[in-house]
Amino acid sequence: MEKLYVEGNKILNGHVIISGSKNAALPILFMTILTEGKIKIGNIPNLTDINIALKLLVYLGVKITGNETLCIDASSINIFCPPYNLINKIRASIWILGPLLARFGKAKIFLPGGCKIGSRPIDLHLNGLTQLGATINLKNNCIDAYVKGRLQGKYILMEKISVGATITIMSAATLAKGSTIIDNAACEPEIVDIAKFLNTLGADIIGAGSNKICIKGVLKLTGGTHQVIPDRIETGTFLVAAAASQGHITCHKTEPKHLTNVLMKLTEAGAKIKTGKDWIKLDMRGKRPKSLNICTAPYPGFPTDMQAQFALLNSISKGIGTITETIFENRFIYTSELIRMGAKIKIKNNTIICYGIPKLISSNVFSSDLRASATLILAGCIAAGITIVNHTYHLVRGYESFPKKLNKIGANIKII
């Protein structure tokens with residue numbers, strides 16, 4: 001999927017079934033390395049990143065069958081250095097490191113997804129594993145790690161909140177000797193889901209979802225069954241789709257509790273929202289959104305993965321809105337494409353200022369990443385005219401059947 005034709009002037013209404021969380025499913029798949037037991041995992045989304053992760057596991061010797069529900073047997077792992085051509089495709093491949101070290105005492109991987117030390121906090125992963133007793137050598141963009149005997153439990157104070165590093169340390173500590181405490185840990189729902197999965201296999205983890213996670217190491221893990229949580233970012237994206245188009249939507253098979261901050265902002269924008277056990281209903285019919293001031297923050301704050309979508313919402317809102325990005329650098333690249341579509345946006349340091357206009361215009365735009373792809377497609381749906389969105393190959397990394405789901409609620413999107 002390289003290029004999409006998107007027809008504008010659409011009001012998006014209807015029902016959407018939310019897929020499983022990519023950000024929970026990916027690490028959970030890599031956590032299966034920790035056990036020889038047979039595992040069954042449900043609600044796995046069909047995404048390119050997931051498929052690459054499965055190829056990585058199979059390369060290591062893991063046996064996998066099934067589709068949305070996977071049966072996994074990691075008892076025959078016999079390779080500890082995955083190939084560069086797979087590791088380089090997804091940043092999430094860093095999560096192979098902790099489980100391989102914990103179970104086998106050795107691992108060798110290339111730096112994932114073209115990451116550079118310092119640009120994304122890969123160094124936090126390595127520092128955490130070093131504190132657990134691993135010896136790590138970094139040379140020629142390759143991480144060579146080993147430990148004599150078992151990893152050793154430790155009190156680890158994270159210098160910066162990091163979802164990825166919290167996952168790496170938590171997974172490695174499950175088989176360490178003694179107890180590990182991760183202080184200043186990430187609190188995301190995905191962390192809670194991963195801990196729940198590991199505990200199902202026999203791990204002893206308490207405190208996931210708080211800033212302090214305690215892991216009592218065990219000798220080995222067993223098999224088990226787990227259902228991956230719904231994707232809160234996909235849910236939020238569809239809610240914004242309806243809000244920006246002045247439509248109404250019901251998202252099914254989702255978890256409202258994971259979206260408290262997003263729902264608060266949508267309500268502030270003027271949407272009527274109702275929630276149930278596993279559904280969210282949004283109604284913005286006949287109302288132009290009000291502008292919002294947003295600052296991204298670690299969970300339970302406003303998610304960085306939703307700021308591009310809300311920039312679109314601010315672009316067509318009444319008033320002037322701001323979005324301040326505190327998690328990642330260079331996350332406003334997409335704004336130049338919204339400006340092509342008529343949006344009035346100014347960038348000042350790590351903040352964008354959106355001067356709301358009534359209507360965007362169609363254009364030929366280029367997406368720079370996963371969330372930008374979704375945002376520009378939504379922009380095309382509500383703009384006047386036909387928009388061509390290029391470089392949409394990013395989309396299938398994190399959204400399952402996104403154009404198809406949008407078409408079911410009133411969009412007209414075609415693959416060119």
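Every residue gets a Cβ built from N, Cα and C, even glycine.
Annotated in Swiss-Prot:
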ACT_SITE  CYS115  active site, proton donor
BINDING   LYS22, ASN23  phosphoenolpyruvate binding site
BINDING   ARG91, ARG120, PRO121, ILE122, ASP123, LEU124, ASP305, ILE327  UDP-N-acetyl-alpha-D-glucosamine binding site
MOD_RES   CYS115  2-(S-cysteinyl)pyruvic acid O-phosphothioketal
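Feature map: annotations from Swiss-Prot on the structure.
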residue : record                                        : CB count, 10 Å
LYS22   : phosphoenolpyruvate binding site              : 24
ASN23   : phosphoenolpyruvate binding site              : 25
ARG91   : UDP-N-acetyl-alpha-D-glucosamine binding site : 18
ILE122  : UDP-N-acetyl-alpha-D-glucosamine binding site : 24
ASP123  : UDP-N-acetyl-alpha-D-glucosamine binding site : 16
LEU124  : UDP-N-acetyl-alpha-D-glucosamine binding site : 19
ASP305  : UDP-N-acetyl-alpha-D-glucosamine binding site : 21
ILE327  : UDP-N-acetyl-alpha-D-glucosamine binding site : 18
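Here the Cα atom of ASP305 (UDP-N-acetyl-alpha-D-glucosamine binding site) is found 12 Å from that of LYS22 (phosphoenolpyruvate binding site).
Between the alpha carbons (Cα) of LEU124 (UDP-N-acetyl-alpha-D-glucosamine binding site) and ASN23 (phosphoenolpyruvate binding site) lies a span of roughly 18 Å. Note: the Cα of ARG91 (UDP-N-acetyl-alpha-D-glucosamine binding site) and the Cα of LYS22 (phosphoenolpyruvate binding site) are spaced 13 Å from each other. Put simply, ASN23 (phosphoenolpyruvate binding site) is 17 Å from ILE122 (UDP-N-acetyl-alpha-D-glucosamine binding site) when counted between their Cα atoms. For the recorded site, ASP305 (UDP-N-acetyl-alpha-D-glucosamine binding site), the DSSP three-state label reads helix.
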